[in-house]
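Report on the following structure.
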C-alpha cells in the first residue's frame, strides 16, 4: 500500500485545478461531463455556475464570494456542486478546501472522475494504491482465457479474386479470423463489470482516506493507515476460503515476471511506472482533446501515444454544455465493455461499426486500395508523440505479423496482441514464446477475442472508410520487381505465408514472416541471407525499407544476433540493421530500447565482427556506455586494419574512428592509455590518413584524436607533420560548424611547434595556401566572430601566417591579431583567456623542444648566465632525432633568430609598446600560471629590445615594467624568476636613462645581485656597471654589520678559524677546537674537543668538505671526520716539529716548522725539508706550487714536483734590527697577493704568477696580520683591531670595520661572495659580519 502526505495530495490536486482554471476547453469538457450525471441541476448550482464563469472571465472577488456562498448553501451532495466548489476554492487560492472538494467528487462519482474529469489525479494519487487490483484483474482474466480449450478451424483459402495487392492482403487477413466461445465471452464480460465495481468501491474508500489526510495535516499521515483493498467481486467458482492467499501468491508470481533475457519488460510489471508515464504524457498541452486511459492493465508503449479520432466542437459552443465529451484512446489500451456501451449511447457514430464483420472489413480494405495513397504520418520528436493521421490506422490496430488490421485480435499474457490465426500458426510450429517479447508463455491456449479492441477498430473503420490498412508502410507498388525465395521458405499452406503473399514484394514478405515466426534457427538464418540478397538487389527501395523497419522484423534480426553462430548470417543481420538504422530513425529507437541489444552488438564487435562498429555508431550511444562496453581495443584493431572492401552505409573504419573520438572527446581515466596505444602501436599513421577522408566528420574526428595524441606525447608532432596531407582539412574549414572549425585551428597551431624552425615555416606555407579560399582571410573573419576563449589561438596562427614574409608597415591581419592578443591579455574578467593569450605570446617566440614545449624560459636563463637554464636547453637539443651537419644547424639557428626578430618587432611596435602595459598587468595577477607566463613573455620582449632598433619603445617598456621587475628581483621565491628579472633590467641599462633609473633603486637590488653572482656572470656584470664611475654607489654596495659575537677568552687567543658546511670552526691557544652554529644573532657551541695539548695554530679543509685538518704546537697534525656539525679525530700524524700555517693536498701536507725551511709530510709518514735557508711565515699551496712568505719579506715559489724554487720578491735587510715578515699570501685568478708591514710604499702587493711582475699594490697605513679574499674584495686584518676592505679589481678602499681597540685580528675566513666574514681576535673573541 502506498500512503500519501498532505503535500503530495495538495500538489497534484492544485496542479489539476490550476490547469482547469487556465484552460477554458478543459474546464468546458469536465463540467459538461459532470452535468450529464446530474438529472436536473438545482437553480442554486446553475446560479453558482454563472457567477463562477463571470469570475473566471473577468476577475471579480464579489462574484467569486457569491459563488462560494451559494455552493456552500446547496443542500445535499452532488458531483456538480463538488466540482464547482473545488474550482471556486482554487480560484480564491484555498488549496486545502479545493482538494477536499475535488476528493469529494471522487467519492461521489469515482468512474466519472477517473475516466473523464481528473484522470491525471487518479493516476498520481489513486493508481499506486490500486495496483494490486490491477494485478488481480489480470490474473482472473488469464484464468478465464486458459480455462477452456479454444476451438480452431481452418478457413478456406482466399479465392484470389482480383490482382490488386490490397485485395490479396485483405483476403489473407480474412483467412486468419476466429472466434471465442460464448461461455468465455460471458465470463470475461462479467469480470470486466466486476472489475469496474471493485475500482469504484476502492476509489470511494481511498478518497475518504485522502480527505482525512488533508484535514489532519502532516500529523495525520503518521496515525492514519491507508485503507485495505476491497476484492469482493469475483467469479463464483473463484470464491473459496483461500481466495486471499491465492491472490497474494498470484500477485507475487506476477511481480516476479521480469525481463528474463533483458529484451523487454511487459506492462504487467510496468504498472508501477505508469503513474509517472501518464503524468508526463498528460502535460496539459492538449488536455481538451485527451482522455485518460483506462486503469486496468493493458500494454502501454513508453515511446509513443496514439490519438484516436474525437468529436470536434465549434468555437461557438458554450463552455458549459450538455453534449458528451470528446473521445480518445491511448496506445493499445482496451476500454471495458461497460464504457464502450456508454459511449455508444452517447455517440451513435459507433452503432454501425459494431455490426461490421470480416466481409465488411475486406470491402473497406479493397476500397482503400483503390483510393488515393495518403502520405505517411509525421512524427514529432519533441515529445515522442506520434501525430495521428486520419487516413492511416494506428499501429495498435495492425497485427505485427500480418501487417494488416486485426480481425480477430487476441491479447497474450505478455500484453502483446496478434491476429488469432497468425499466433496459432506460430504456436503450432512448436514455439512457446511471445514473438515480440520472447517471453515464455505459460499456456499454449489462446485467450478469447479482444472484443474491446475489435470494437475500437470497427469504429475507426466506420469513421475512416478510405483509410490505409497498414499504418507503418504503404503497400508495395504493382510493378515492384519479383524476388525469389529460397528453398527453405515456409510451406505455401502456412497462414503466415498466405498473409504475406500478394504484390510484387511477396518474396520479401515471406522471408520476413519466416524470420519472425520460425522457431528453427536454420530457417531464420536462411531468411536473413535471403533478405540481404533482396536488399542488395532492390537498392533499398522505400517500400522495402518500410517493411523491414517494423519492430517485429528488427527484433527478429536482433534474435539472430543473440542465437546464431554463423559468421555470414551475423554479418548479414548487422548489415541489414545498419542500413535500416541509417535510413529510419524508428529502427534506432527500437534497437536502443533495450541495453542488452547494444551490448550484444558490442560483444560481437569485440569478437571480430567489424561491421558491428557501423551499427553501434548509428545508434549514437553515450560515451559513458562506450567506455563501459570496453570496445577500445576492437576499435583500434579496425582502424589499424583499414579494410575498405566492406561496402556499407558507413565504412567500419570510419565508424570506429568516430566512436573512438567520442570516447576520447570526454576526459576519462582510460584516455591516457588509449592515446599511448595509438602512438606506440603505429595506429596514429592510420588516423593521419583519415584526414584525407571523403566524409568531413571523419576528418574532424581524426583532427581531434591527433590533438589528444599531441597533448599526450608532443613528440608525435614530427610523424604528423611528415605524413599528414593538410589540404582536405583546410578545405573543410569553411563548411564545418564553429566547434569543428576551432578544432582545426587548434590542431594547426599545435602542429607548428616543431623543434625545427625551417620545418615550422614550411608547414605555415602549406597552411597559408591550402584552403579552398584565402586561409588568412578565412581566419580573419573567424577571429572577428569567435568567442573570447578561442580568440588567442586563432590570433596566434593568423599572426604567424602574416609574418612568413618580411613584415610590412601595415597589415590588417597583423594588426587584428596583435590587438586581439593584447585585448585578451588585459581582460581580467576571464582569467582563462588571459592565460591562453600569455601562453600564445610565449609560443610565438618560435623555439620548442622535440615534445613541443616552449624553450623561451631556458633560453632566457642561458642569456642570464644561469648554468641550470643552459643545461635544460642542451638536454632539449639532445632529444632531436640525430646529429646533423653543422651547416644545417647554422642555417636553422639563423632562421630561428630571424623569426624571433620579426615576431618580437610585430608585438612591441603595435600601438607604441601597448603589449608591455598588458604584460605589466598580468605580472600583478594572483594567478601563478598567468604571472609566470607574463614574466617570461615580458622578459623575452624586453631582452629583444636590446637587439631591435630603438624606436622609443624601450622607454615605454621601462616605464611599464621597471618597478615590477625590481619587485620580483627583491621578493621572488624562485631564483629563476629573479634571474629573468635581472636579464630584463640589464636590457634597460643599455641607455643612460635606464642606467640612471636603475641606480636609484640600487639598494633594492644589491642583495639579489650578490646572490645571483654565485650562478650568473650577468649579475657580476651588472654590479660592475652600477659601480663604475660612482664611488658612492660602490661603497653602498659593500656595507657590513656585525651579526654575532662570542667571548672565548677562557681558552686564550683565537689562532685559527674556518667556515665549513654552515658551521664555524675555531682553534684556540689552549689546544681546544670548537664548532659553532649561527642562529640569528647568537653563536651556539655545537661541539668542543681538547685532543691537542697545545695551541691550534692552523685549520684547513679538504676540497670535498668531508675532512678537517688541524696543526698544533704539540707537533701533531690531526685529521677529523665531519658529520652533522660534529668532528671526530680519525688519524694523528707526528710531525716532530711544531706546526704553523698548515696547507693540505691529497697525499701530503705542508707547514712551516719552528726552524728554517718548509716541511713536507707525506700521509704515508715520509717527510723532507724544502727551502732550508728561509724562515717561512705564511704559505699558499696552488696546483702543485707552494708560495712562501718569509720573515725577510721575500716571497719564494717552490715547485713540489721538481723541488726547485724561484724568487718572486727578494728579501730586505732588517731595519733597526726588526724583521719585515710577509704575514699572509693568497693566490687568486693567477695573481699572488702578499700582505705585511708597510714597505716600499705598499702594504699589499699584487704579483703575476706567470712572470713574477708586480701588477698592483695597496697603500695602507695598517700593519697587516692576516688576509682573506672573496671574489671581489680583499679583507686586511691589522694588529690594532682595524679591518680594512678593498676592491680586488680596482685596488681601492671600500671601507673599514672596527673590530676592537686593544686586540689583534689573528685570523679570518670569508665565503666566495663576501656574504659572511668570520674572524678571531687576540683577546679571545669570535665575530661574524655580514653584508647589509
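Note: Cβ is positioned from N, Cα and C throughout, glycine not excepted.
Caution: TrEMBL annotation is automatic and unverified by curators.
Per TrEMBL, the feature domain 'U-box' maps to 392-467.
Marked as region 'Disordered' by TrEMBL: 466-490.
Taking H, G and I as helix, E and B as strand and the rest as coil, DSSP gives the repeat 'WD' (1089-1120) the counts 0 helix, 18 strand, 14 coil. If you look up TrEMBL, you'll see 1089-1120 (among others) marked as repeat 'WD'.
Beyond the ends of the repeat 'WD' (1305-1332), by six or more residues, the same chain brings 1007, 1010-1011, 1013-1014, 1038-1059, 1064, 1066, 1068, 1076, 1078, 1083, 1265-1273, 1275, 1277-1279, 1281-1283, 1297, 1299 to within a C-beta distance below 8 angstroms of the stretch. Under the heading repeat 'WD', TrEMBL lists 1305-1332 (among others).
Mapped onto DSSP classes, the domain 'U-box' (392-467) shows 25 helix, 10 strand, 41 coil.
Assigned with DSSP, the residues of the repeat 'WD' (1305-1332) fall into helix, strand and coil as follows: 0 helix, 19 strand, 9 coil. Within the model, the repeat 'WD' (1305-1332) carries an average pLDDT of 88.
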